[in-house]
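Engineer: Dropping a structure here in structure tokens format, bear with me for questions.
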Amino acid sequence: MSTRAETKGVGAISSDGSLNMAHVQTSRKGFCSVRHGLALIVHLCNFSLNSQKMSLSIAMPAMVNSTAWPGPLNASTERPSANSQDGWNETLQQLKAVAPLYDWSPEIQGIILSSTNYGSFLAPIPTGYIAGLFGAKYLVGVSLLLSSISALFIPLAADAGVLSLIVLRIVQGIAQVMVLTSQYSIWVRWAPPLEKSQLINIASSGELMGAFITLLVGGFLCQTKGWPSIFYIFGGIGCACSLLWFPLAYDDPINHPFISTSEKEYIVCSLAQQDCSPGWSLPIKAMIKSLPLWGILVFYFTGFWTFNILMAYMPTYISSVLQANLRDSGILSALLLGVAFISTILSGLLADFLHSRNIFRLITIRKLSTAIGVLVSSVVLVSLYWVRSSISTSMGLLVLSSATTTFCQTGALINFLDIAPRYTSFLRGLSQVFGHLSGAISSTVAGFLISQDSEFGWRNVFLISVSINMSGLVFYLIFSQAKVQDWATEQTVTQL
């Protein structure tokens, strides 16, 4: 994975985070480098995490019995065809034969699906603080192993009762958020400014790939091997990934045993002007008064409101509203995640291209990416209710939404690395609190609305999501910045 990058000089980094490359000539092998290899390893960890998280979403329709199975939630008066009904009955008989079924109402299902968020908002801040001081190597490895072991015990917890399952999911959620929070401290020392977006997007796209694979094969596994198999398979994969993490991942390129001298020099020199040294003290008062930081935090809450609903309820929406069977529901949902995965990689490359060629300022890239991600998906969500009778039109709109929503990953969702690189892990943890708090509320609210009004439930869910999303976008566009804040500099911290 080493590269032959030759560093001939280092330019200065401007106040908005751009690297002046006028006198810098570098030759590097792009993806054939240790830093991109590390991004791939983090990608695999994120793949394992989200495959475990999404397993319950795709298994839920197979876990509930016919009395709790959600019926058609659209406004159409047409009944499912006889063949469609026979297919559902056949599917139900298959599920009864291979795995136990539970009498869980839509409200209970919503609570179980969102339970990973209930305790996870407690872990990000201390996790981010610790990762910033001591690194992410052992935090990521141990937390991934704990999440994977929890996945293996989900079938036993479900048999023990709803409360046992919720408690286990809370523990798993805490372990998962520890991985998702602490991993960002790696990029403070590994990601050159002009490759930051692509490296982070390669790593974070593992979450989408995990959901993609889970939805693609989850329905098949539930129907043929029984729903417990999905937890055993992805839990086992996670255990294997956690064992690979320890010998291959390092917090700093200086200590990596396989990196070439030229690549090491390139990374270190490109980050020479960036103050990323951690500190024990935090400028809490200055953070509270920082409007650019509040713009990011508010967007994390509003953006993850819709994201968590779609991730948790998309298989149910496709099966109940669009009238697809369990297996087709998983395949169609996987299609959306596959498109989002590709879009995530491309958007990261595009953002770095625009930044490196000085086509747009960094703040313009952040705002434009965020606006595209929110506006297009909002139009799609508003339209879904009125085109629900056509599965092809609905899926086309959802594909468009999936492709554009990922642009937020090169916008507001990584903006905290620009304004305070030395506090990256802590701010990531703080952002995760807002995101997971939003997820805990939104999934529960969605389950309540869907169960209370079968005709207009989904319409209300979508309209509320759009309203919240748009408010977060406006707030972010007004207050966001992409330059290092005064309170994040070493001189200011020393004075505080």
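If you go along the chain as it appears here, the first residue is 1 and each next one adds 1.
Glycine is no exception: its Cβ is also placed from the backbone N, Cα and C atoms.
As annotated in TrEMBL:
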- 38-484: domain 'Major facilitator superfamily (MFS) profile' (DOMAIN)
- 138-158: transmembrane segment (TRANSMEM)
- 164-187: transmembrane segment (TRANSMEM)
- 199-221: transmembrane segment (TRANSMEM)
- 227-250: transmembrane segment (TRANSMEM)
- 291-314: transmembrane segment (TRANSMEM)
- 334-356: transmembrane segment (TRANSMEM)
- 368-387: transmembrane segment (TRANSMEM)
- 393-417: transmembrane segment (TRANSMEM)
- 429-450: transmembrane segment (TRANSMEM)
- 456-479: transmembrane segment (TRANSMEM)
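In terms of burial and nearby residues, how do these features look in this structure?
Structural biologist: Same-chain residues lying 6 or more positions outside the transmembrane segment (138-158) and placing a CB less than 8 Å from one of its CB atoms are 42, 45, 48-49, 52, 55-56, 63, 100, 102, 127, 130-131, 164-165, 167-169, 171-172, 175-176, 178-179, 182-183, 227-228, 231-232, 234-239, 241-243, 245-246, 249.
Within the chain, the transmembrane segment (164-187) has long-range Cβ neighbours (under 8 A, six or more residues past its boundaries) at 38, 42, 45-46, 49, 52-53, 56, 111-112, 115-124, 127-128, 130-132, 135-136, 139-140, 143-144, 146-147, 150-151, 153-154, 157-158, 196, 199-200, 203, 249, 251, 417, 424-425, 428-429, 432, 436.
Beyond the transmembrane segment (291-314), the same-chain residues lying 6 or more positions past its ends with a Cβ under 8 Å from any Cβ of the stretch are 53-54, 57, 113-114, 117, 211, 333, 336, 370, 373-374, 377, 381, 405, 408, 412-413, 415-416, 419-420, 427, 430-432, 434-439, 441-443, 446-447, 450, 461, 465-466, 468-469, 471-473, 475-476, 478-481, 485.
Long-range contacts of the transmembrane segment (429-450) within the same chain: residues 70, 73, 106-107, 109-111, 113-114, 117-118, 120-121, 123-129, 173, 177, 180-181, 296-298, 300-309, 312-313, 413, 416, 457-458, 460-461, 464-465, each at least 6 residues beyond the stretch ends and with a Cβ under 8 Å from a Cβ of the stretch.
If one looks beyond the transmembrane segment (456-479) by at least 6 residues along the same chain, the residues whose Cβ comes under 8 Å of a Cβ in the stretch are 73-75, 291-292, 294-296, 298-299, 301-303, 305-306, 309, 317, 321, 367, 370-371, 374-375, 377-378, 381-382, 384-385, 388, 412, 442, 445-446, 449-450.
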Engineer: Same chain only, please: residues at least 6 beyond the ends of the transmembrane segment (227-250) with a C-beta under 8 Å from a C-beta of the stretch. Say none if there are none.
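Structural biologist: For the transmembrane segment (227-250), the sequence-distant neighbours (Cβ-Cβ under 8 Å, at least 6 residues beyond its ends) are 38, 41-42, 44-45, 47-49, 51-52, 55, 58-59, 62-63, 95, 98-99, 137-138, 140-142, 144-145, 147-152, 154-155, 186, 210, 214, 218, 221, 256-257.
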Engineer: Which residues of the chain, 6 or more past the ends of the transmembrane segment (334-356), have a CB below 8 A from one of its CBs?
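Structural biologist: Contacts of the transmembrane segment (334-356) (Cβ under 8 Å, skipping residues fewer than 6 from its ends): 18-19, 21, 193-202, 204-205, 208-209, 211-216, 314, 362, 365, 369, 395, 398-399, 401-407, 409-410.
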